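**Q** Annotations for this protein, taken from Swiss-Prot, read as follows:
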type	residues	note
CARBOHYD	9	N-linked glycosylation site
CARBOHYD	12	N-linked glycosylation site
CARBOHYD	33	N-linked glycosylation site
CARBOHYD	40	N-linked glycosylation site
CARBOHYD	48	N-linked glycosylation site
TRANSMEM	69-93	transmembrane segment
TOPO_DOM	94-106	topological domain 'Cytoplasmic'
TRANSMEM	107-131	transmembrane segment
DISULFID	142-219	disulfide bond
TRANSMEM	143-165	transmembrane segment
TOPO_DOM	166-185	topological domain 'Cytoplasmic'
MOD_RES	168	phosphotyrosine
TRANSMEM	186-207	transmembrane segment
TRANSMEM	231-255	transmembrane segment
TOPO_DOM	256-283	topological domain 'Cytoplasmic'
TRANSMEM	284-306	transmembrane segment
TRANSMEM	315-338	transmembrane segment
TOPO_DOM	339-400	topological domain 'Cytoplasmic'
LIPID	353	S-palmitoyl cysteine
REGION	364-386	region 'Disordered'
MOD_RES	365	phosphoserine
MOD_RES	372	phosphothreonine
MOD_RES	377	phosphoserine
MOD_RES	396	phosphothreonine
């Protein structure tokens, strides 16, 4: 979701917001580099405005749609960055900190939070790129930021697909779930998801580079000749393998789960277990639905742009920015969903934000027990010393 996909024929103009020259079509990115891939988008402030039927209104002075869009995007990116980093790191902390949170489902949630935290950490770089109209951070960071975008997109959807299959096994095959749904297996599957995402992320990292154009620097993707073929091939492969196929698998899994939940009143023989099973299934479904809602517009937009030519208007530019920002917004929504939909997460978040005396005592006792396990010889020595002191006091005590 980087902001560098731009037409090569654009020149500089006076940017009403940054008071400096602005280079071509920098979509403030999301699908990274779907803004990179979608190189036909032009900056409404660029010289291409003369190609829009003379409608110079795309680059008016202060108060223009471009300035309003820029301010809105910067404000949204700031909120997403702060909420996303804090929320996702908090999710990872409570999963690592509390033993009761180390379930198979939460291990997958940890992976999702890690991917979201990584992508929100790139937003400051993309904001600077958008405001300055150039990429000042060098080629290495260009490669890192673009590849993180693709890694986040693919790892997130693969993890959600895994969570849906995991829920399907838990609901429809509870006996098999006992052997399969373990934290250890969940960790292995998480690693496999990152390896699978590398099929997209690593090629993108190698293709990402910086280019000098019209006095500015673009962080963009380069394709072998013929570039249009490889560019469209990447778009289509990402759309099919990192969106359509996972969404189909998720849909099938939840369709089968709904049929199972409707046909069976008692899944596990325990009302409490059934309640927890349905609650977790509902939470995963909501997280998946929100992801699809946030990411569908940008995927559809990019595919449409690959197939047909869309006239460049203010509405087209604003809608592009909106689709990109919507994809990023998903990265900060998941922690909020966990807090509202899962009692365990809600309780852990509350304990972290508002620690009570009982929680502090419990943490201290847990730490003492951990130290005792880590240093048994020291603990035994202390016990023996205390026992000897008690005996000495008993022996030296005056008789009544």
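Placed from the backbone N, Cα and C atoms, the Cβ positions cover glycine too.
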**Q** Residue 168 (phosphotyrosine) to residue 142 (disulfide bond): how many Å between their Cα atoms?
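**A** Computed Cα spacing between residue 168 (phosphotyrosine) and residue 142 (disulfide bond) is 39 Å.
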**Q** Counting Cβ pairs under 8 Å that are 6 or more apart in sequence, does the total for the transmembrane segment (186-207) and the transmembrane segment (107-131) reach three or more?
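**A** Between the transmembrane segment (186-207) and the transmembrane segment (107-131), contact is present.
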**Q** Going by DSSP, give the three-state secondary structure for residue 168 (phosphotyrosine).
**A** helix
**Q** Can you say which of 107-131, 143-165, 284-306, 315-338 has the most Cβ pairs under 8 Å with the transmembrane segment (231-255)?
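**A** By Cβ pairs under 8 Å, 143-165 leads among 107-131, 143-165, 284-306, 315-338.
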**Q** Cα of residue 219 (disulfide bond) to Cα of residue 353 (S-palmitoyl cysteine): how many Å, rounded?
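**A** Taking the Cα atoms only, residue 219 (disulfide bond) lies 39 Å from residue 353 (S-palmitoyl cysteine).
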**Q** Where, among 69-93, 143-165, 284-306, do we find the most CB pairs under 8 A to the transmembrane segment (315-338)?
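**A** Checked against 69-93, 143-165, 284-306; highest Cβ contact count belongs to 69-93.
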**Q** Other than its close neighbours in sequence, what residues sit by the topological domain 'Cytoplasmic' (166-185), given a CB gap under 8 Å and a spacing of at least six beyond its ends?
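**A** Same-chain contacts beyond the flanks: 102-105, 107-108, 253-254, 256-257, 260-261, 267-268, 277, 280-281, 284-285.
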**Q** Averaged over the topological domain 'Cytoplasmic' (339-400), what pLDDT does the predicted model reach?
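**A** Computed over the topological domain 'Cytoplasmic' (339-400), the mean pLDDT is 61 on the 0 to 100 scale.
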**Q** To the nearest whole angstrom, state the Cα distance for the pair residue 142 (disulfide bond) and residue 353 (S-palmitoyl cysteine).
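**A** Their Cα atoms are separated by 36 Å.
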**Q** Cβ under 8 Å, sequence separation of at least 6 from the ends of the topological domain 'Cytoplasmic' (94-106): give me the contacting residues as numbers and ranges.
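**A** Residues 113, 163, 166-167, 181-183, 185-186, 280, 284, 344-345, 348-349, 352.
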**Q** Which site among 142, 219, 353 has the most other CB atoms no more than 10 Å from its CB, taking these as recorded positions?
**A** 219
